[in-house]
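**Q** Sharing the record's features from TrEMBL:
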BINDING   ARG177, THR236, THR278, GLU311, LYS430, ARG493  NAD(+) binding site
BINDING   PHE308, LEU309, ALA310, GLU311, LYS371, PHE416, LEU417, GLU418, ALA419, GLY420, GLY424, LYS486  substrate binding site
ACT_SITE  CYS427  active site, nucleophile
DOMAIN    479-590  domain 'UDP-glucose/GDP-mannose dehydrogenase C-terminal'
Amino acid sequence: MATLAQSASYRGKVGKVAATLTVTATAPTAWGDAWWSWARTAWPGPMSTRFHRQPAGGGGQLPMAITASFWWGRNIPTHGSTPSQAGGGSHARMKTWFSSLCATCHSTNSRLSCKGWEVRATYPLPNWSLPMPPLPPVPPHPLEVIMVGAGYVGLVSGAAMARLGATVTVVESNPGRLTALRSGTIPLHEPGLGELVASERAANRLHFAANLAETALSAPAGTFKAPRLVFLAVGTPENTKPGQQGAADLSAVQAALDELASLLPPNPSLTILATKSTVPVGTGAALARRFQALRPDAPLVVTSNPEFLAEGQAVHNFLNPDRILVGLPGGDTPPSYVQAARQAYSQLYAPLVIKGVPLLFTKRESAELAKYAANAFLAVKIAFMGEIADFCEHSGASVDEVAHAMGLDPRIGPEFLEAGPGYGGSCLPKDVPALVASAAQSNITLTVPQAAHLANKARKAGLGGRMARVMHLAGKRIALLGLAFKAGTDDVRASPALDLATDLLSQGASLALHDPEALANARAAMQALDLPPQQSERLHWAPTLEAALTGADAAVLLAAWPCYKDIAPDHMAQLMKGRHLFDFRRAWQPQPLRAAGFTLHAVGMAEETIPSHCDSEL
Ligand SMILES: NC(=O)c1ccc[n+]([C@@H]2O[C@H](COP(=O)([O-])OP(=O)(O)OC[C@H]3O[C@@H](n4cnc5c(N)ncnc54)[C@H](O)[C@@H]3O)[C@@H](O)[C@H]2O)c1
Ligand SMILES: O=c1ccn([C@@H]2O[C@H](COP(=O)(O)OP(=O)(O)O[C@H]3O[C@H](CO)[C@@H](O)[C@H](O)[C@H]3O)[C@@H](O)[C@H]2O)c(=O)[nH]1
């Protein structure tokens with residue numbers, strides 16, 4: 001038992017109802033983690049909680065601040081149309097809860113104030129005693145992680161796992177990418193990744209290898225002091241073989257497994273294999289069978305640890321996930337292997353779990369399917385809003401207002417309701433058909449994801465047609481702004497911009513293409529299309545936004561990079577020849593652009609915004 005000097009304070013806002021209780025304690029910081037796990041289970045709050053701990057100093061007897069955020073949940077009614085009316089309901093509930101919290105904590109002298117939308121409360125908690133459990137055992141060795149593939153997922157996950165304390169070797173078979181990494185260059189655009197990789201390399205926790213044979217995996221049995229985790233983060237693109245179109249191409253996953261089987265030493269200790277790659281349900285079981293046939297002497301447990309990061313915010317997503325999902329095998333797998341896997345994951349992700357991130361252990365099949373189901377659900381939301389946006393354009397409604405009104409319903413939520421040019425990227429476009437194809441193998445027809453997939457393909461293919469309805473395209477110079485599949489990344493895989501570019505070229509337009517990060521990737525992708533010379537000579541790669549806009553008859557916004565949002569309308573008007581703007585992201589403000597003389601065609605905005613003089617161009 002230790003006595004802690006504490007104070008607690010609460011600050012919450014109506015509509016975003018969360019209470020933060022900050023407990024300031026003077027305690028040996030070495031006890032922090034143990035106190036933490038005790039607090040998470042023993043806290044008397046009636047609602048779900050999320051804990052954060054911020055040590056105020058290094059080891060020893062330094063004070064630390066502990067913040068426990070008590071989330072009220074998503075069902076707080078915020079009735080009324082004025083702050084005080086709306087606040088009444090939820091603030092009253094908050095007050096009741098805090099009063100009971102106070103009583104539970106034997107607190108006196110609590111202060112509570114309610115001003116506009118905000119409630120503040122301060123509760124001194126004198127002489128509040130908390131039992132201190134014994135320190136948990138410290139694992140004797142850091143985890144050894146091998147990450148196969150240094151793409152968006154493998155490189156981010158590998159570096160972030162090193163940050164979590166593991167010793168990580170990232171294996172990359174692409175020589176150019178490996179050379180770049182070894183020389184300290186990050187071969188992809190991901191905010192924060194450069195700093196993360198550099199600091200983990202400097203701490204000697206992050207290494208790179210050209211193949212599995214270069215890692216310690218091929219060393220004699222007994223080399224590893226702790227269980228080794230081998231993650232597969234290789235690509236699983238859409239299969240293009242006849243008869244298998246749409247299904248996931250698992251050849252890179254299988255090749256990596258075969259490589260592993262070929263180099264493990266005789267009678268090695270247990271290897272924990274994890275698919276970070278997105279793989280169809282049943283893949284883990286198939287990989288286990290394949291490995292068993294190749295290496296009956298080598299103990300292996302195949303687990304699923306799907307990744308939910310989104311490009312452009314990958315480092316942040318990995319280190320602050322909504323959940324960590326781990327699928328464990330059942331059936332014939334020895335329980336001791338499964339237990340070892342569970343322990344290894346618990347150790348690997350402990351620094352995140354301690355922050356309150358849920359670590360879900362499920363059946364392996366559930367984890368595999370949950371990843372696809374999540375992506376398909378996101379795809380359905382986006383595709384649905386695309387169709388609603390089309391209807392808005394013909395009904396006088398604004399899709400922004402419709403989405404906002406829908407999103408305030410907590411059963412719907414505000415995320416992923418932005419209608420745009422169609423979803424792109426390396427995940428949703430290939431994962432939805434892969435889900436549909438894998439279900440079809442079990443004679444299950446997934447009509448809803450399939451409809452989203454078809455709607456999205458049609459949306460991307462129809463962008464040029466939308467433009468052709470308001471202006472002649474042949475002979476015109478069009479500035480395409482934003483070539484990545486969304487702002488924040490240099491990834492152009494399945495980018496709507498590439499679909500539109502090929503369509504506009506075939507309609508006779510000249511293109512000036514610009515992107516702040518994705519120009520090189522877009523150029524490589526367009527070159528790979530092997531366009532006829534009369535089309536490729538009409539492609540112009542603009543090094544600056546100004547160069548793209550200069551002399552353009554029209555500009556098209558496809559990815560909402562800040563540089564496009566921030567450009568001054570008058571500056572655009574000076575540079576451009578024509579006055580047509582197509583905003584497929586609704587990132588541009590209509591009024592200032594109209595004031596500068598532009599005609600704005602924005603997705604999901606009513607037709608009346610298009611002046612009648614456009615007809616004369618048809
Ligand atoms: N990109 C994302 O945002 C994201 C998010 C979650 C999940 N995923 C899934 O993760 C997987 C990887 O996606 P990605 O975008 O990182 O792919 P990527 O194509 O960017 O990277 C894969 C990397 O693996 C390398 N590689 C392939 N085979 C190898 C081998 N045998 N040994 C060593 N290196 C090898 C490739 O050279 C490449 O650099 C996919 O299944 C994808 O669906 C992707
Ligand atoms: O409201 C929205 C949200 C997204 N998009 C588009 O949808 C696509 C995908 O966007 P996003 O999901 O942000 O990017 P990804 O990096 O592809 O991430 C998705 O795919 C990853 C790979 O599986 C998952 O890990 C992530 O959770 C999932 O969000 C992009 O073209 C976006 O422009 C919209 O049009 N409207």
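Placed from the backbone N, Cα and C atoms, the Cβ positions cover glycine too.
Note that TrEMBL annotation is computational and uncurated.
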**Q** Please give me the binding-site residues out of ARG177, THR236, THR278, ALA310, ALA419, ARG493 that lie within 10 Å of CYS427 (active site, nucleophile), comparing Cα atoms only.
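**A** Within 10 Å of CYS427 (active site, nucleophile): THR236, THR278, ALA310, ARG493.
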**Q** I'd like to know which of the binding-site residues listed (ARG177, THR236, LYS371, ALA419) lie near ligand 2, counting only a CB under 6 Å away.
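**A** Passing the 6 Å Cβ check against ligand 2: none.
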**Q** If we check Cα distances from THR236 (NAD(+) binding site), which of the binding-site residues ALA310, LYS371, GLY424 wins as closest?
**A** LYS371
**Q** Averaged over the domain 'UDP-glucose/GDP-mannose dehydrogenase C-terminal' (479-590), what pLDDT does the predicted model reach?
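**A** Overall, the domain 'UDP-glucose/GDP-mannose dehydrogenase C-terminal' (479-590) comes to a mean pLDDT of 97.
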**Q** Taking only the binding-site residues LYS371, ALA419, GLY424, which one has a CA atom nearest to the CA atom of GLU311 (NAD(+) binding site)?
**A** GLY424
**Q** What kind of secondary structure is LYS371 (substrate binding site) part of, going by DSSP in three states?
**A** helix
**Q** So which binding-site residues out of GLU311, GLY424, ARG493 are up against ligand 1, CB under 6 A?
**A** GLU311
**Q** Fewest other Cβ atoms within 10 Å: which of the binding-site residues LEU417, ALA419 wins that one? Let me know.
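**A** Minimum Cβ neighbour count within 10 Å, taken over the binding-site residues LEU417, ALA419, occurs at LEU417.
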**Q** Going by DSSP, give the three-state secondary structure for ARG493 (NAD(+) binding site).
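**A** Reduced to three states, the DSSP call for ARG493 (NAD(+) binding site) is coil.
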**Q** Cα within 10 Å of ARG493 (NAD(+) binding site): which of the binding-site residues PHE308, ALA310, LEU417, ALA419, GLY424 qualify?
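**A** Near ARG493 (NAD(+) binding site), where near means Cα within 10 Å, the binding-site residues are GLY424.
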**Q** Ten-angstrom check, please: count other Cβ atoms within 10 Å of the Cβ of LYS371 (substrate binding site), all chains counted.
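**A** Its Cβ has 26 other Cβ atoms within 10 Å.
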**Q** What does the structure give for the C-alpha distance between LYS371 (substrate binding site) and ARG177 (NAD(+) binding site)? Integer Å is fine.
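**A** Cα to Cα, LYS371 (substrate binding site) and ARG177 (NAD(+) binding site) are separated by 27 Å.
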